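Step one of this worksheet: look at the structure below.
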Amino acid sequence: MDILYECYEDVASGSEIRSVVLAGRRFYEKEGLPAFPMGNIDQTRMWKVGERVRSTRPEGDLGPLHPFTAGVYIALMMAQIEILRKKGHSYSEIINESVIESVDSLNPFMHARGVSFMVDNCSTTARLGSRKWAPRFDYILTQQALVAVDSGSSINQDLLSNFFSDPVHGAIEVCAQLRPTVDISVPPDADFVRPGCERSLPESWSWLCELCSSAVMVVGGEEVCFSR
């Protein structure tokens with residue numbers, strides 16, 4: 001929860017958007033210093049194994065469910081839900097940001113084409129945030145959470161009972177009833193996504209300009225930055 005709390009305060013204070021603006025300026029050579037564009041994020045062994053698994057897995061087969069991994073995933077969701085709730089957000093917003101975007105959008109994208117495809121078809125802010133915060137989550141999970149499990153540390157039973165009685169379950173059930181009947185579609189030959197960092201998106205998709213962080217929208221097939 002502490003990292004998610006920090007993420008929230010970074011956004012609320014304006015620090016995140018300032019960081020995005022500065023990072024965008026570093027994408028290009030300036031002041032005699034080299035350019036530092038975003039690199040590819042799916043080159044490590046874990047992502048390569050995932051790529052091989054997806055390429056050989058029968059359609060519709062989601063593979064075995066690993067209870068521990070699922071538990072970590074749900075725990076992170078609940079941590080974000082709690083932060084947004086304490087900060088006064090509505091349940092519809094909380095559920096959309098914490099659950100729906102994951103299970104109905106991001107997960108299908110990653111399942112279909114991998115993590116790099118999923119991340120790098122998001123906004124510049126999301127692309128930078130993924131690279132900035134991933135090492136923090138990696139540390140807190142591998143160096144704190146997992147070692148606590150390996151050492152047999154006692155489980156906080158209050159967290160479990162709070163989870164089962166959390167009112168968010170009822171709110172999620174209501175939101176699920178409003179879910180569209182058609183799942184997200186990401187065919188392998190889709191022409192509305194960008195290979196690498198190139199952009200070819202449908203009308204009205206938008207992101208932040210990498211130069212000035214103003215809104216950019218595709219209009220008539222052309223990228224338009226609204227600060228220019």
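Glycine too: its Cβ is placed from the backbone N, Cα and C atoms.
Just so you know, TrEMBL annotations are computer predictions that nobody has curated.
What TrEMBL lists as domain 'KARI C-terminal knotted' is 53-197. Annotated Mg(2+) binding site per TrEMBL: Glu97, Glu101, in sequence order. Per TrEMBL, the feature substrate binding site maps to Ser123.
Note on the domain 'KARI C-terminal knotted' (53-197): DSSP counts are 98 helix, 0 strand, 47 coil. Cβ-based neighbour count (10 Å, all protein chains) for Ser123 (substrate binding site) stands at 16.
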